[in-house]
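Visitor: Quick one: the structure is below, questions incoming.
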Amino acid sequence: MAAEPVNLNEFQELARLALPKMYYDFYAGGAEDEHTLKENVEAFHRITFRPRILVDVSRIDLSTTILDYKISAPIIIAPTALHKLANPEGEVATARAAASCNTIMVLSFTSSSTIEEVFKKRDITATLVQRAERNGFKALVLTVDTPRLGRREADIKNKMITPPLKNLEGLLSTKVSSDTGSNFEADANETMDASLSWKDLEWLRSITNLPILIKGILTREDAIKAVEVGVAGIIVSNHGARQLDYSPATISALEEVVHAVKGRVPILMDGGVRRGTDVFKALALGAQAVLIGRPVVYGLAAKGEYGVRRVIEMLKDEFELTMALTGCPSVKHITRKHVRTEHERIHSML
């Protein structure tokens, strides 16, 4: 009997062994040279701690509040596509694990389960929004870094085949043929909108009372504009390094956005989070929570709902230990003074 995984990287290896190569490559791969894919993880490694000692950490409180919803820890499940490729129960299993861990799950519109089970045309977008409202969803996340699909060469080589997008059945043709490349790429070209602009965000706000978070911000300029048009929150993201290669690692872009927003809306981030220490570093640099994508899918592929739950629990346990060892009894005690970035380290040597 194989040993139980002790960290998230070991879940990735179990997923690699469990999945067909085409599906593993789909989940694990990034755009083009995969420079940003590697940098998302490695940039965390270059941030070090400045721990405080002789602080009473006999009780650690990991909980936090996002848009008035209290969660057990600042760890949220990111929107990721097609969970049924990883496990037959798909997003339903992922949602159950999120609920058991008292955290939030963001359901992707490219999920393999429908909204009821767990943008190219405005009428389709409006229908999806109405369905989300009817089924008790608490917020909308608008992904804004996909005017076109990034070049994912592993999917092209594998001629990646994906099932129809359940949330679009009856709204848009979900059978797209492609003689070359992947049918996922063909599906994406059918559903993505290269004309999407800030005015469309204003329209989206006009058709719903749900708070809207914008996902895909990496710069000061876009962060300021997002606040001006009335978003409820910002997710600093480079789409898991699956869109524009050589865009910055999200942890490297985080502070620029934090300084621009100045606390006016909550800021979250995703990309490269593999340890509880990463969660702490993101919060120290100004994020209110992190989103995890690939590790959740790896847990799902390896051990189903239990695997997703273990991934979340592992991160929470590591995060709690990091808080204790840095002298932070609660999330509110985590400050910018608890970390040192590479820039600060180099500057101190001059």
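We count from 1, first residue shown onward.
Just so it is clear, glycine is given a Cβ too, placed from its N, Cα and C backbone atoms.
Grabbed the feature section from TrEMBL, which reads as follows:
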ACT_SITE  H239  active site, proton acceptor
BINDING   P79, T80, A81, S108, T143, K215, S237, D270, G271, G272, V273, R274, G293, R294  FMN binding site
BINDING   R152, H239, R242  glyoxylate binding site
DOMAIN    1-344  domain 'FMN hydroxy acid dehydrogenase'
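Describe the structural context of each listed feature in the structure shown, including burial, neighbouring residues and relevant distances.
Guide: Just so you know, the Cβ of H239 (active site, proton acceptor) picks up 23 other Cβ atoms within 10 Å once every protein chain is counted.
Taking all protein chains in view, 21 other C-beta atoms sit within 10 angstroms of the C-beta of A81 (FMN binding site).
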Visitor: Could you state the CA-to-CA distance between V273 (FMN binding site) and H239 (active site, proton acceptor) to the nearest Å?
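Guide: About 13 Å separate the Cα atoms of these two residues.
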Visitor: Based on Cα coordinates, which of the following binding-site residues are within 10 Å of H239 (active site, proton acceptor): A81, T143, R152, G271?
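Guide: Qualifying among A81, T143, R152, G271: T143, G271.
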Visitor: Measuring Cα to Cα across P79, T80, A81, S108, T143, K215, S237, D270, G271, G272, V273, R274, G293, R294, which the record gives as the FMN binders, how far apart are the two most distant ones in Å?
Guide: 22
Visitor: Cβ neighbours within 10 Å, counted over all protein chains: which one of the binding-site residues T143, S237 has the most?
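Guide: The residue with the densest Cβ neighbourhood is S237.
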Visitor: Rounded to the nearest Å, what's the C-alpha distance separating R242 (glyoxylate binding site) and A81 (FMN binding site)? Just drop the number here, would you?
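Guide: With the alpha carbons as reference points, the distance is 12 Å.
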Visitor: So which of the binding-site residues is most packed in, judged by how many other Cβ atoms lie within 10 Å of its Cβ, out of G271, G293?
Guide: G271
Visitor: Other residues with Cβ within 8 Å of the Cβ centroid of R152, H239, R242 at the glyoxylate site?
Guide: G29, G30, A31, L149, G150, G240, A241, Q243
